[in-house]
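Quick one: the structure is below, questions incoming.
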């Protein structure tokens with residue numbers, strides 16, 4: 001995609017290994033190739049708006065650019081491109097797709113089958129906190145969890161799900177590790193990419 005790079009996301013590494021850095025670079029390249037987001041590595045910690053990639057417990061990122069140092073973790077079992085692309089999506093401002101304010105029209109969430117410490121991952125945003133740019137709900141978004149994400153062991157043994165799509169043909173679509181067309185379209189709208 002040939003567009004001018006107007007937004008800059010500066011990143012740096014703290015206590016990471018070569019594999020983590022390579023996975024992050026590949027995931028960042030996927031966003032970069034199809035948006036106006038540019039990723040630059042800063043070895044001197046001079047940028048005020050700095051994305052610091054760490055290898056801490058779990059896969060996580062703060063949502064949205066913080067205007068200061070911001071952390072993104074690719075801990076154990078997070079060193080996959082799809083996971084890194086998901087966390088970069090958070091860092092750039094995306095909530096989970098299954099947290100959209102209109103999600104109940106598309107999925108049913110079963111909090112009782114979700115590990116108690118992870119239920120917050122399934123909270124629902126409001127129209128004020130989550131602009132969907134009038135785009136359709138995308139079960140195949142890189143920002144959407146699988147139907148069994150964070151399920152309790154007991155519920156999994158019983159064949160339950162943490163989330164079920166209202167249209168059952170999308171059950172296997174949820175939890176994609178590929179940045180979807182609507183992810184890119186929404187990111188380009190969010191950052192006014194031309």
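In case you wondered, yes, glycine gets a Cβ from its N, Cα and C as well.
TrEMBL entries are annotated by machine, without manual review.
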Name the one residue among 96, 98 that TrEMBL lists for the same Zn(2+) site as 86, 90.
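TrEMBL names 96 for this Zn(2+) site.
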Where residue 87 (active site) and residue 96 (Zn(2+) binding site) are concerned, what is their Cα separation in Å, rounded?
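Residue 87 (active site) to residue 96 (Zn(2+) binding site), Cα-Cα distance: 10 Å.
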What three-state class does DSSP give residue 86 (Zn(2+) binding site)?
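Where residue 86 (Zn(2+) binding site) sits, the three-state DSSP reduction gives helix.
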How many other Cβ atoms sit within 10 Å of the Cβ of residue 90 (Zn(2+) binding site)?
19
Enumerate the residues of the same chain, 86, 90, 96 excluded, that satisfy the criterion Cβ within 8 A of the mean position of the Cβ atoms of the recorded Zn(2+) site; list them in sequence order.
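In sequence order, the nearby non-listed residues are 61, 63, 87, 89, 94, 95, 142, 143.
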Between 0 and 100, where does the mean pLDDT of the domain 'Peptidase M12A' (1-194) sit?
92
